[in-house]
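Features reported for this protein in TrEMBL:
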type     : residues : note
TRANSMEM : 12-30    : transmembrane segment
TRANSMEM : 42-60    : transmembrane segment
TRANSMEM : 80-98    : transmembrane segment
TRANSMEM : 125-144  : transmembrane segment
TRANSMEM : 164-187  : transmembrane segment
TRANSMEM : 194-210  : transmembrane segment
TRANSMEM : 238-257  : transmembrane segment
TRANSMEM : 277-297  : transmembrane segment
TRANSMEM : 357-376  : transmembrane segment
TRANSMEM : 388-405  : transmembrane segment
TRANSMEM : 411-430  : transmembrane segment
């Protein structure tokens, strides 16, 4: 391959296989009469993979963007597409391989919109108070990402949580399940929208100022899904396509103007057209390049890490001050140093299948896909058993939306910790509010295309 902007025959092959698998995932639900089938985990995975492993990389090639932090990563694209195709194939096998029986649920929850509204507000207040306690007067600054940069110097720190400061910081994620619960209550009653709108603006303001786009994605994406799931409507292209394009545009806007913890700098948009901002939304494709570089150099230039991510995940909840020897990200930092050198690896990331490969090569990558497919199949069956229950709908869309984080960030300890502050509260609430089922209808078997 003489022109780096052109795909080699091998790259075309792996990209074609990946696209073929995506077509297969769509065809599995194409004829389904169940409108909820369009919100199965494989289709959510397809959207995420389409963004990170197809549209983003192809746009990067078109623009000649394969240099990151001064390092040419073009050499890793073949390995990245190979890994993506094999990982997605493993995922689909893991999802479709096991029996498709939908047994009657052992527990079910009634739904009281007033109760859901209260629970949502309580989650929001708990998250905001904990985050505000550690942020101090900066919390007021975080509310407006357009003025945060100018007001940062006028703020004071909050309380000292010591070893548990990270817990207080992550509590801001509780606004995601809280807002989803309030939205479910609003959909059921269609009244009193102003408090919901206020919480939504608060969350968007804080998340934008902090600069981590994943929070916006796993808040806004599930909100759109919840509407369709709760109303049992098929995805309307007139709504879905603008929503997806809007998320890409938001990603580009935030990516060009953000400064972590300091909001947005609109001067960065000078001389930028709307097309420039939209295409900047695909800038996250750099993690695809990093993933390919990681696979390419392992194990020749960088050793496998074995079970280190799993062990570090178990230790991650223990504060570093209580366990000084803990260094959860050491294996990541070493990998980035092998790619970027000792200075420029900070802030880099790779996709989850890159971490799976780092653990044990292609067998580990395949196993990671199989396990994720099996887990999301269990999630889908759990939802199928309770699809009429609004609390189950909220829990499901929050969990399936969180796949964005699972796929796009190959750092299992952090992904697990964020899960505990974003999705786990809803499962715990479901368990708390549900009651054992005394009688149940006969077991039904759902064919694969219907979920």
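Using N, Cα and C of the backbone, Cβ positions are placed for all residues, glycine too.
Quick caveat, the model's predicted, so the values are computed rather than measured.
Same-chain residues lying 6 or more positions outside the transmembrane segment (357-376) and placing a CB less than 8 Å from one of its CB atoms are 41-42, 45, 83, 86-98, 294-295, 298-299, 302, 304-309, 331, 335, 400, 403, 406, 410. Long-range contacts of the transmembrane segment (12-30) within the same chain, counting only residues at least 6 positions beyond its ends with a Cβ under 8 Å from a Cβ of the stretch, are 37-38, 40, 42-43, 45-46, 49-50, 53-54, 78, 81-82, 84-85, 88-89, 92, 96, 448-451.
Long-range Cβ contacts of the transmembrane segment (388-405) within its own chain (Cβ-Cβ under 8 Å, at least 6 residues beyond either end) map to 39, 41, 44-45, 48, 108-109, 111, 113, 116, 176-177, 180-181, 183-184, 187-188, 214, 217-218, 221-222, 225-226, 229-230, 376, 379, 382, 415, 418-419, 422-423, 426-427, 429-430, 433. Contact between the transmembrane segment (42-60) and the transmembrane segment (194-210) is not supported, since fewer than 3 Cβ pairs fall under 8 Å when only residues 6 or more apart in sequence are counted. The stretches the transmembrane segment (277-297) and the transmembrane segment (80-98) meet in space: the count of Cβ pairs below 8 angstroms, excluding pairs fewer than 6 apart in sequence, reaches at least three. Listed by sequence, the residues of this chain that lie at least six past the ends of the transmembrane segment (125-144) yet keep a Cβ under 8 A from its Cβ atoms are 151-152, 154-159, 161, 165, 167-169, 171-175, 178, 202, 205-206, 209-210, 263.
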